[in-house]
Amino acid sequence: MYFSKGIFLIALAGFAEVALSHKPGKGPNRNAKRNFIMVIPDGFGPASEALARHYTHWTNNATIDLPIDKMQIGGIRTRSTDSYVPDSASTATAYSCGIKTYNGGIAVDDSYAPCGTVLEAAKAKGYKTGLIVTSRITHATPATYASHIYDRDIEDNIARQLIGENHPLGKPQVDLILGGGRCYFTPKSTAKSCRKDDIDLLGWAKSKAGYQVLTTRKDFEKKTKLPYIGLFTESHMSYEIDRDPAVEPSLTEMAIKGLNDLLAASKKEKTGFFVMIEASRIDHAGHANDPVGHLHDILQYNTMMKTVTEWIDKNSDAPTTLISTADHECGGLTLGYSLTGPPDYWWAPQYFAGAKNTYEVLAAKWKSYAGTDAAYLKTEIFGKYGVPDPTAAELAAATAGKSSTSAVGAVLAKAMNARLGVNWSTGGHTGVDVNLYGYGVNHLKMVGNHENSDVGNFVAQELGLDLKSITRKLQKNKKFIDAYVKPQGKVQKRDSCSKHVNEHL
């Protein structure tokens, strides 16, 4: 194995140590003007941070920490009511409603009754609100903050609730939306629409709810007053390493624009803002067992976190709390293999330096390529994924599977993981605890190991929110619940382990 760092030394600007400059103290009165930033790096486990930190150290061994390392204050237990291994819907419901629920449930309890969320309660109290993601905005995590439905996959319904066109509280709850997933907001007659009906949600948002609608990079760069909805891709936004900056803003850019606009909109108000920011695609790369996509979205998450802490310091006259934790780990990531001699154990992060794209992009590129020549496959496909030396068997497998992007993607991932010494135990989630990070006012109140539902309750306590009142209002709307929240017809029975898990929560 080649260990020399050689040409892989590069400068890593901006990853300076983040100091915990904010003291816990008593902080401002919870009824005083406050801001709360909730950041969820979806699918991000402890090994994921180690992977990014080790690679960063390999490229510049003066770098010991990544920005979030200095912000770690504890851990989060992630189980849901029906499994020790959660999904994003159940865990995000814990973060939004302060209760545990079953896998797949969007801001509902085990009986399918809607629960009031911190975003809805903040809106009711006069706070400005926002959701910023790199997935579809209708995906499970953002959905739990401003919609209620028994099944996370009914995204056309979720889209209607998110912008208030069909929300049980009767009006839009979210002032600022940034992310992907435009296809769920355009009528089925529109090219690339994901809807099954003719509802034009973007048109409704603009004409009926007063939203400004942003769909391009040029739109994003304009000064924009709330409320607005920015959807820059039909489905999920691109992985960071694949992103075209002329087309899509980065997670960091969206976060800072969102924070500035929320701050400006709340300047003259008695209350501040609540925003949830999700580094969504860390999880997608974990599902795909794609170490390249995983790495670069983690690095972008770290960049965003550092930039947000600087924003908090710069705007110290607006007391702000930042809490960040994953919803769950994804992929069962491990790092390392045995050597026959010293140092006995290793993994090889240097291979990451040659990667230019995820296998998602490269497999599509190979499928569309007119030829089958090995030279192109070796340099433009394997080489651009960080595998400069594909074997004859790997080249043959990629050639045989050329018509299938999933088949070629699997070949590329297997080749890269083998060279790195990175292993994945699953293409799904795992039940391990995830790290908890904090910054700003009163964040040290969360030091320690907590159930995920404690996070939602902490947000409510800090902002003085009444979740029970919102829950009562939601549950009074029986007509809406029967028509849109509860299952329509028979649903698959949940796993029999749910009773055992619930008895021990």
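Quick reminder: no glycine exception, Cβ is built from N, Cα and C everywhere.
What TrEMBL says about this one:
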ACT_SITE  S88  active site, phosphoserine intermediate
BINDING   D42, D283, H287, D327, H328, H429  Zn(2+) binding site
BINDING   D42, H139, T141, E278  Mg(2+) binding site
SIGNAL    1-21  signal peptide
Lowest local Cβ density (other Cβ within 10 Å) among binding-site residues: H139, H287, H328, H429: H287
Same-chain residues at least 6 apart in sequence whose Cβ lies under 8 Å from E278 (Mg(2+) binding site): V39, I40, P41, D42, I132, V133, T134, S135, T141, P142
D327 (Zn(2+) binding site) to H139 (Mg(2+) binding site) - Cα separation in whole Å: 13
The one of D42, D283, D327 whose CB sees the fewest other CB atoms within 10 Å, among these binding-site residues: D42
For S88 (active site, phosphoserine intermediate), nearby residues of its own chain (Cβ under 8 Å, 6 or more apart in sequence): D42, H139, A140, T141, R152, D283, D327, H328
Cβ-Cβ neighbours of T141 (Mg(2+) binding site) (radius 10 Å): 26
Chain-mates of D42, H139, T141, E278 with C-beta within 8 Å of site centroid, Mg(2+): I40, S88, A92, V133, S135, A140, P142, S280, D283, D327
